[in-house]
Amino acid sequence: MKPSFYPIPGWLWQYPKPKPSTSNANSAMLLIVELFHYLTYLTQLGVAYSFYYYRDFYQPSCGAFFFVVMAPIFQQIAGSFPMLMHEYEGWQIAECKDSGCEPEKYNNDQLRYVTYKLLFLFQAIAAGMYTIGVLGFDKWQLVFLEIDKPWTVILIITILLWLYILPRDTKPFPKKLNGQDIFPVPFLTFLSFIPLTLSFTASLIYLMGGWSALFPGLLVSALYLGGGLSEGLGAESTFNQWWHLLAVVLLNAGGGMLILFITRHAIGLL
């Protein structure tokens with residue numbers, strides 16, 4: 001068995017032949033798609049550095065500022081799992097089959113399930129870290145509910161344990177597109193992801209200045225969401241690599257806009 005289906009010697013621009021189900025999977029397109037995936041490291045590191053650079057401005061508004069700085073790092077850890085999958089599969093979004101099928105023709109179905117689970121798990125953790133960073137550990141005022149320490153810590157530990165022990169097998173979307181599962185994420189992982197993502201958006205708006213930052217906060221969240229939907233619904237149902245490119249462009253735009261808003265708020269322009 002060949003160790004890889006990439007052309008030999010496997011330079012960056014040497015990609016496998018397009019798989020039967022794909023469209024626009026030429027080397028130039030795949031090169032750009034791969035480049036934009038790696039650019040997400042720069043945008044998320046840029047978000048972390050922007051918070052750190054303006055720490056004198058943001059830290060007084062945060063209960064545990066360290067977690068605000070670290071959250072983008074965990075966000076990028078989440079993004080590393082799809083990149084590993086793409087590298088294994090030749091950077092092509094294509095029809096998935098069981099793991100024993102030919103990698104020259106199909107993507108790996110089981111690898112996709114594992115990737116989505118870890119992606120959503122670490123994105124949920126990153127979203128929770130933003131919230132913890134803003135609220136801290138001492139006291140949480142959640143609408144009419146007030147939670148004091150040590151119950152805040154107990155709740156955080158409970159959520160982490162919950163995310164860790166969640167079952168792997170159930171999927172939230174029973175319908176398929178072109179024979180492919182839509183977002184093959186374990187149901188309870190997906191369910192836990194939703195409130196943590198909403199808490200991320202709320203924490204971001206609060207940190208950016210409250211109601212005056214409603215548009216920036218919603219825009220950043222919408223760009224991240226748009227990137228996920230473009231890949232999960234667009235690329236993985238049509239196998240058209242333009243959808244794949246749009247997904248990573250939107251994800252980078254979300255990170256770039258967040259850097260811009262962090263900077264503008266810190267210097268008094270937001």
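A Cβ is built for glycine as well, from the same backbone N, Cα and C atoms used for every other residue.
Predicted, not measured: the structure shown is a model, and the values here were computed from it.
Noted in TrEMBL for the protein shown:
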- 28-52: transmembrane segment (TRANSMEM)
- 64-85: transmembrane segment (TRANSMEM)
- 118-137: transmembrane segment (TRANSMEM)
- 149-167: transmembrane segment (TRANSMEM)
- 187-206: transmembrane segment (TRANSMEM)
- 213-230: transmembrane segment (TRANSMEM)
- 242-262: transmembrane segment (TRANSMEM)
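Here the transmembrane segment (118-137) sits apart from the transmembrane segment (28-52); fewer than 3 CB pairs are under 8 Å, leaving out pairs fewer than 6 apart in sequence.
When each of 64-85, 187-206, 213-230, 242-262 is scored by its Cβ pairs under 8 Å to the transmembrane segment (28-52), the top-ranked stretch turns out to be 242-262.
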